[in-house]
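Asker: So Swiss-Prot lists these for the protein:
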- C131, H174, H178: Fe cation binding site (BINDING)
- E175: active site (ACT_SITE)
Amino acid sequence: MSAQDKLIKAQHLIDMNDIIREGNPTLRAVAKEVEFPLSDDDIILGEKMMQFLKHSQDPVMGEKLGLRAGVGLAAPQIDVSKRIIAVLVPNPEDSEGNPPKEAYSMEEVLYNPKIVSHSVQDAALADGEGCLSVDRVVEGYVVRHARVTVEYYDKHNEKHRIKLKGYNAIVVQHEIDHINGVLFYDRINAKKPFEAKEGMLILE
């Protein structure tokens with residue numbers, strides 16, 4: 001039984017045991033493009049990946065399943081070398097603690113996503129990045145593009161082109177790196193991890 005066959009079983013909930021860790025060769029491989037029209041298996045896998053992210057962000061389900069909270073997941077992280085990513089970025093509460101009008105600033109499963117253009121300006125998260133496949137802290141600025149235009153297909157086989165900036169752009173670039181065999185710490189300057197290039201946007 002392949003990893004995907006196990007993951008898409010109706011009763012299976014993706015948990016931390018399904019997520020492979022650094023050192024596994026799947027994380028360093030360039031993943032294969034999915035074929036269209038999408039197979040039921042690839043659609044279900046995308047839905048399961050999104051379900052995992054929602055569970056991971058839910059305090060009750062997250063604790064029950066022992067999950068680390070995540071805003072993105074790529075198929076290679078669950079040992080399926082396909083170009084599928086799921087992104088779920090929640091909107092914050094307002095200053096008075098009220099829930100946002102829209103729960104998420106981005107909620108999408110992207111098939112065969114690719115960056116088709118990007119800004120000259122770079123950006124990095126002030127606190128660095130983490131990864132569900134990396135069980136250690138690696139400090140430093142992860143240098144990425146401040147703005148990107150991404151093309152992808154959705155589960156209905158429809159093509160989209162979206163422009164992203166800020167945190168959403170960072171998250172999508174992190175996940176696209178996964179399908180290209182790249183891990184976030186590859187983009188940290190090992191000798192000067194917190195060196196900010198001139199004009200680089202630091203996102204708090």
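Positions of Cβ are set from backbone N, Cα and C atoms, glycine also.
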Asker: Taking the centroid of the Cβ atoms of C131, H174, H178 as the Fe cation site, which other residues of that chain lie with their Cβ within 8 Å of it, listed in sequence order?
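Answerer: Apart from the listed residues, the neighbours are G72, A74, Q77, E129, L132, S133, E175, D177, L183, F184.
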Asker: Across all chains shown, how many C-beta atoms besides its own are within 10 angstroms of the C-beta of H178 (Fe cation binding site)?
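Answerer: There are 24 such Cβ atoms around H178 (Fe cation binding site).
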Asker: DSSP secondary structure for E175 (active site), reduced to helix/strand/coil, please.
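Answerer: In three-state terms, E175 (active site) counts as helix.
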Asker: Can you tell me the CA-to-CA distance separating C131 (Fe cation binding site) and the residue listed as 'active site', as a whole number of Å?
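Answerer: That separation, Cα to Cα, works out to 10 Å.
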